[in-house]
Amino acid sequence: MAHSAISQVSVAVPLQTDSSFRRSTFKATSLTFSDKSCISMPSIDLKAARFRRQNIVSMSVQQASKAKVSVSPLSLEDAKEPPLNIYKPKEPYTATIVSVERIVGPKAPGETCHIVINHDGNLPYWEGQSYGVVPPGENPKKPGSPHNVRLYSIASTRYGDSFDGKTASLCVRRAVYYDPETGKEDPSKNGVCSNFLCNAKPGEKVNITGPSGKIMLLPEDNPNATHIMIGTGTGVAPFRGYLRRMFMESVPSFKFNGLAWLFLGVANTDSLLYDDEFTKYLSDYPGNFRYDRALSREQKNNKGGKMYVQDKIEEYSDEIFKLLDEGAHIYFCGLKGMMPGIQDTLKRVAEERGESWEQKLSQLKKNKQWHVEVY
């Protein structure tokens, strides 16, 4: 836990964690997820929240709106272009784990951890970028060589959860393999990187590459723009960074006054990530933030089936299409399996409106309104 003085008010700042479990090239058919616990930080006060995750993500949540949090160094705003690949796989940066915290409730299927990493200001990034993580050990397919890099969307702003520009946060879901015949866990086939990160202890070293990626960068040329964010599970990571920049941090050069609309799809209430943080923005900025949850195991769609994020999109399709026509940006982040259902829904809605989805999509891409990062 870190403490930060904010505008003459001493505020406890539990370090948060929700990056995106990323393109770790695991086969979806052979991976399920366990409910084992990550390392917990006993110094974090959990009494005020229902679950650990609620406390973690509520960091200075009382301050999140009207009195925004001061950040430094503001020189991080000076660069005209995003930092790219400062550290490469052959020579990664050795960072340090600050904290690892489970951020889902007991009824969540699988385990998701918020991981704060100290880079001491040596690995700057912009919101929407990714870090690569090189897990320790050697690649079993290339003896003597390190493991391949796994990419994770960064879940914090460039100032990190401690607002000093020295940390980055990742949101990682632990990948666990179960033998289909015995039903038992086979640790030898578990996700190497996600388990390394979820098991990491404060002070442990972690090799980082990057930052990488430009497609998910938050366009800031128009502070009145509309940003529609659609994420599943840990795909919420970049959106957490966007929203903290918009609503929590005091950045003199970026005064957001547009609309941010987040659609988040997870299994159930216990699986919600950073929900307290988002709910606070909803309360404090009702004219600038909308938040819709799709809980597949708890809600039904209009046809009586499970509620997925594409069902929520269909529910608000007229509004979404109108906003896109007016220049809104739309972002998608999560497992690549989310996209076919979403694309089918958008195509059907377009056709019902007498429009060609192919033409509309082509125009959105041409206008740089369409941002997709799936893994």
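Note that Cβ sites are derived from N, Cα and C of the backbone, with glycine treated the same way.
Over in TrEMBL, the protein carries these features:
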{"type": "BINDING", "residues": "S153, R173, T234, S296, R297, K306, G334, L335, E373", "note": "NADP(+) binding site"}
{"type": "DOMAIN", "residues": "90-218", "note": "domain 'FAD-binding FR-type'"}
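Annotation for the binding-site residues S153, T234: lowest Cβ count within 10 Å of the residue's own Cβ, T234. Applying DSSP to the domain 'FAD-binding FR-type' (90-218) sorts its residues as follows: 11 helix, 49 strand, 69 coil.
Non-local neighbourhood of R297 (NADP(+) binding site): A267, N268, K306, each in the same chain, at least six residues away, with C-beta under 8 Å from its C-beta.
Taking each Cβ in turn and tallying the other Cβ atoms within 10 Å, the top scorer among the binding-site residues G334, E373 is G334. Here the binding residues for NADP(+) are S153, R173, T234, S296, R297, K306, G334, L335, E373. Their largest Cα to Cα distance works out to 27 Å.
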